Amino acid sequence: MNKLYIEGDKKLNGNVIISGSKNAALPILFMTILTEKKIKISNVPKLRDINIAIQLLKSLGAQIKYKKKNLYIDTSSIKIHSPPYDLTKQIRASIWMLAPLLIRFGKAKIFLPGGCKIGARPIDLHIKGLIALGAKIILEKNYISASIKKPLTGKRIYIEKISVGATITVMSAATLAQGTTIIENAAQEPEIIDTAKFLNTLGANIIGAGSNRIFIKGVLTLIGGKHKIIPDRIETGTFLIAAAISKGYIICHDTEPKYLKNVLMKLSESGAEIKTGKDWIQLDMRGKKPKSINISTSPYPGFPTDMQPQFALLNSISQSKGTITENIFENRFIYTSELIKMGAKIKIKNNSIVCKGVPNLYSQNVFSNDLRGSATLVLAGCIARGTTTVDNIHHFERGYEAFSEKLNKLGANIKYI
């Protein structure tokens, strides 16, 4: 079943429980390689990418049980320092295995990872960080080989371009290095805070995660522990958009409003009434047509690139014209050609798109090419006139737990075919 059949023209209303963050769970899963003690991780979303990460750990020899969103992990039996290509090629997050395997075995070999086809997403920043700490790196056509003859040594490392991936790689490598490492120009995403919190639970000494300067004082060893994954802020934003574009009402539960300040500000600017509590967000757009908004993506705490496609959809059915500028990834407007097929008026100008609102979108057979674009097309199908078919849906299954089921509970009519 690789297609969705969506009956459109629906208002989406109700309550939704937000799942754990995929982008926090993935690095945390791979950080378990750093300890030989038992780990329990809760609030783990049931996703394709998570399943591949579990398979990767098992391929190395880890013992893992997945029960009711809880993962019980024992990596004490890991003996292999090179995960299989058929798994690493499927998710880009597999690059986060490099540093933990290197530290544990003194060597590691990782085939070049895969994932969404959004721009170049180079891994050179990961490599530069490891070299600065003392690793020897050989980069071949299809794989990265790393080795050390003595423990890594803490250094002051400036990451040239803000990178979540490189920040996590250097932070994990420095956890068991000798001395103190200072990461300058570090990414500040909530998922980095959560990864650091997990490592600190195991005995690491990390200060400053969530700021642009992180201090890591190396420790000799890590212990076991328990950790709960933070809520998925992008899933939260996606469901808020679902209600906003359908003139609906929604309450997102088990989420973190503080991680969505820019998204909530833009939704409010579009005309939505927003209320928040400790772990919930309420949006009310009943009886209103969204106003167009202008957005420019930037690293956290700026506007998230992963919410750009969803807001392009909102602008496409808004009252006037809005511009969205993408500053993180090139080639992230692939989805717009499919929205245009559905009647959207979108023009691409360099790294920006201009969306002129139309009264309605209309059903089409559309094809998804990446995770967030795929989710956007599903939402477009929910509000379009007629019946829409979305093909190649494995993309949204990588990052949204029970997405169609949750939408159906809000009033959508989505079926797998």
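Using N, Cα and C of the backbone, Cβ positions are placed for all residues, glycine too.
Under DSSP, Asn23 (phosphoenolpyruvate binding site) is assigned to a helix (H, G or I) in the three-state scheme. Under the heading phosphoenolpyruvate binding site, Swiss-Prot lists Lys22, Asn23, citing sequence analysis as support.
DSSP assigns Leu125 (UDP-N-acetyl-alpha-D-glucosamine binding site) to a helix. Taken from Swiss-Prot, the feature UDP-N-acetyl-alpha-D-glucosamine binding site covers Arg92, Arg121, Pro122, Ile123, Asp124, Leu125, Asp306, Ile328.
Under the heading active site, proton donor, Swiss-Prot lists Cys116, citing sequence analysis as support.
The 2-(S-cysteinyl)pyruvic acid O-phosphothioketal annotation in Swiss-Prot covers Cys116.
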CB contacts for Arg92 (UDP-N-acetyl-alpha-D-glucosamine binding site) [other CB atoms within 10 A, all chains]: 19
Cα-nearest neighbour of Asn23 (phosphoenolpyruvate binding site) within the listed binding-site residues, Pro122, Asp124, Asp306: Asp306
